[in-house]
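> Okay, here's the structure, questions in a sec.
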Amino acid sequence: MKFALTGGGTGGHLSIAKALAIELEKQGIEAIYLGSTYGQDKEWFENSPLFSERYFFNTQGVVNKSFFKKIRSLFLQAKAAFKAKEILKKHQITHTISVGGFSAGPASFASLLNKIPLYIHEQNAIKGSLNRYLSPKAKAVFSSYAFKDKGNHVLTSYPVQNAFFDHARTRTEIKHILFLGGSQGAKAINEFALLNAPKLTKQGIKITHICGPNSYEQVRFFYQELGLLDKIELFAFHNNITEVMHRADLCVSRAGASSVWELCANGLPTIFIPYPFASNNHQYYNVLEFEKENLCYVVPQNELLPKKLFEVIRKLNQKDDQGNKNLTTISAKLQQKIAKDGAKTIIETILSA
């Protein structure tokens with residue numbers, strides 16, 4: 001028995017691949033990885049001991065491209081698919097798991113050509129174009145969101161690494177705010193943090209700001225100009241995000257699916273600012289259910305005024321009829337919304353098929 005994991009491009013897809021690879025390793029099952037030279041795949045897995053072999057193809061996405069660039073991307077995808085077909089055959093792969101993203105294309109189609117069972121994890125509430133096409137052909141489609149289109153859909157807990165559960169706690173007061181710009185940085189969140197920093201620090205609220213490597217120097221300069229650089233924690237990125245989340249009492253974040261469910265597992269109340277240009281507005285739909293259940297606050301990017309933060313803080317500090325702060329109630333309910341061992345459930349479901 002030997003698995004192939006494929007897909008990625010961004011941290012959200014890759015974090016799922018990592019969680020599944022860790023579970024395969026725990027169960028003593030060998031796995032290889034197939035991704036792309038474009039995006040973050042190599043950064044995550046080029047030297048990863050989780051895989052016996054790693055392959056990266058020269059491929060790019062097709063969505064939001066001009067006609068001629070789409071043709072070129074499709075050609076690269078097809079070329080890589082035939083290479084992937086030989087690789088899967090060489091390694092005698094018995095199962096393929098796609099975590100989505102354009103880099104999943106070659107190995108997914110190669111699996112179908114080789115008649116290898118294909119399993120998909122759809123991380124978002126709105127399917128990407130590749131997963132929409134492949135879902136009816138897959139053995140199973142795992143997701144934490146309910147879908148009604150064609151395909152054998154299996155509702156599972158999101159495959160969040162156990163460290164997020166292990167560092168969870170129920171919040172009781174807001175002493176520390178985390179601004180999470182994501183691996184690629186988020187200009188709107190970075191500006192929101194800078195605009196609110198003077199008032200927050202004056203009120204004695206600690207700030208941790210992860211701004212993304214491309215924005216670090218500029219953001220650092222502005223904190224220095226504000227005279228706040230020595231009063232806040234600023235990082236381009238952080239290798240121990242679970243510890244950072246553990247210390248925070250409130251978070252401001254984009255609404256990529258992995259971030260949403262990691263924050264949920266940690267019990268960290270969050271203000272989500274969905275990326276408005278995400279395909280099919282999927283970031284908004286990722287948190288729609290949370291918003292309906294009063295488990296988060298969603299602020300459209302075009303409404304992101306500094307006063308919004310303090311409006312949310314006031315609401316979180318209000319008490320319900322039982323005398324519990326909204327902050328504490330939300331924090332506790334978040335931890336109940338997601339079950340541990342999502343990756344284990346997915347792997348065991350595949351093995352029992």
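Cβ coordinates are placed from backbone N, Cα and C, and glycine is handled just like the others.
Features from Swiss-Prot:
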BINDING   Thr10, Gly11, Gly12, Asn124, Ser183, Gln283  UDP-N-acetyl-alpha-D-glucosamine binding site
> If you count the other Cβ atoms within 10 Å of each Cβ, which of the binding-site residues Gly11, Gly12 comes out on top?
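Counting every other Cβ within 10 Å of each candidate, the maximum falls on Gly12.
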> Which residues, sitting 6 or more apart from Asn124 (UDP-N-acetyl-alpha-D-glucosamine binding site) on the same chain, put a CB under 8 Å from its CB?
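Listed in sequence order, they are Gly100, Tyr145, Ala257, His282, Gln283, Tyr285, Asn286.
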> Among all the protein chains here, how many other CB atoms are within 10 A of the CB of Gln283 (UDP-N-acetyl-alpha-D-glucosamine binding site)?
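Counting Cβ neighbours of Gln283 (UDP-N-acetyl-alpha-D-glucosamine binding site) within 10 Å gives 26.
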> For Gly12 (UDP-N-acetyl-alpha-D-glucosamine binding site), which of the three DSSP-derived states applies: helix, strand, or coil?
helix
> Including all protein chains shown, what's the count of other C-beta atoms within 10 A of the C-beta of Thr10 (UDP-N-acetyl-alpha-D-glucosamine binding site)?
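So the number of other Cβ atoms within 10 Å of Thr10 (UDP-N-acetyl-alpha-D-glucosamine binding site) is 19.
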